[in-house]
Amino acid sequence: MRIDVVSIFPSYFDGLTLSLLGKARDSGILNLNVRDLRDWTHDRHRTVDDTPYGGGAGMVMKSEPWGLALDELASGSERPTIIFPSPAGEVFTQAKARDLATREHLIFGCGRYEGIDERVFEYASSIGEVRLMSLGDYVLNGGEVATMAMIEAIGRLIPGVVGNPESLVEESHEDGLLEYPSYTKPSVWRERAVPDVLLSGNHGAIAAWRREQQIERTRVRRPDLLADDSA
Ligand code: SAM
């Protein structure tokens, strides 16, 4: 998979050279390029923002550098998926990560300030599939942290990135429920014992106990997941 990221703070993404995604990049499974939006500016100050038409607080990202960046990154790809992180977008979920992990080419455009000139989204729709995606109902300073979270969630679903694919199947949100509790050695720690069933060797009983735990944990912590199967 190819992923391009455009940001005015490319060094945010240095962490994506580490761990599983770093290995996926080294092995060629993931072709991830992070680009500086200012490389598509042509003035002495490498300006990417200006005051909003109609007034108001804050600055807005200018359309021109974004247009040039999208033109260059999308050329040669047949309608890439262009994701703009936004608190005003659809909420990113595990199901959406699964879908996006099947795409050939993703472009992430990281907003800053009050966001990006609206015409950029319209233009981007003419060259790719545009998705405005929110991490949740809160506001970040920029799209970088949201993009990193999405790339990590999507990237680990690309075949070959996580060594044991079974570990992906049993995780929270994969079957609409939260994951069951996990324990490792020692069997007793600070007077807290691991549940007996996990030491029983009875695989049927263990599977049944884990399922019960998933349902109970979801009911207590995230009842909305049991009520809503649209995600
Ligand atoms: N004025 C915008 C609004 O009210 O919708 C918020 C702009 S925010 C300060 C700057 C950038 O951070 C956004 O363009 C977006 O890229 C990113 N961002 C902020 N909150 C986000 C969230 N919850 N999910 C994804 N991206 C977010």
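The backbone N, Cα and C atoms fix where each Cβ goes, and this holds for glycine too.
Take the S-adenosyl-L-methionine site that TrEMBL assigns to LEU135, GLY136, ASP137, TYR138, VAL139, LEU140: the candidate from GLY111, GLY160, GLY163 listed for it is GLY111. Highlighted here are the binding-site residues (GLY111, LEU135, ASP137, VAL139, LEU140) whose C-beta falls below 6 Å from ligand 1: GLY111, LEU135, VAL139, LEU140, in sequence order. In sequence order, PRO85, PRO87, ALA146 are the residues of the chain that are 6 or more apart from LEU140 (S-adenosyl-L-methionine binding site) and have a CB within less than 8 Å of its CB. Largest Cα-Cα distance over the residues recorded as binding S-adenosyl-L-methionine, namely GLY111, LEU135, GLY136, ASP137, TYR138, VAL139, LEU140, equals 16 Å.
Look at the Cβ of each of the binding-site residues GLY111, GLY136 and count the other Cβ atoms within 10 Å; the largest number goes with GLY111.
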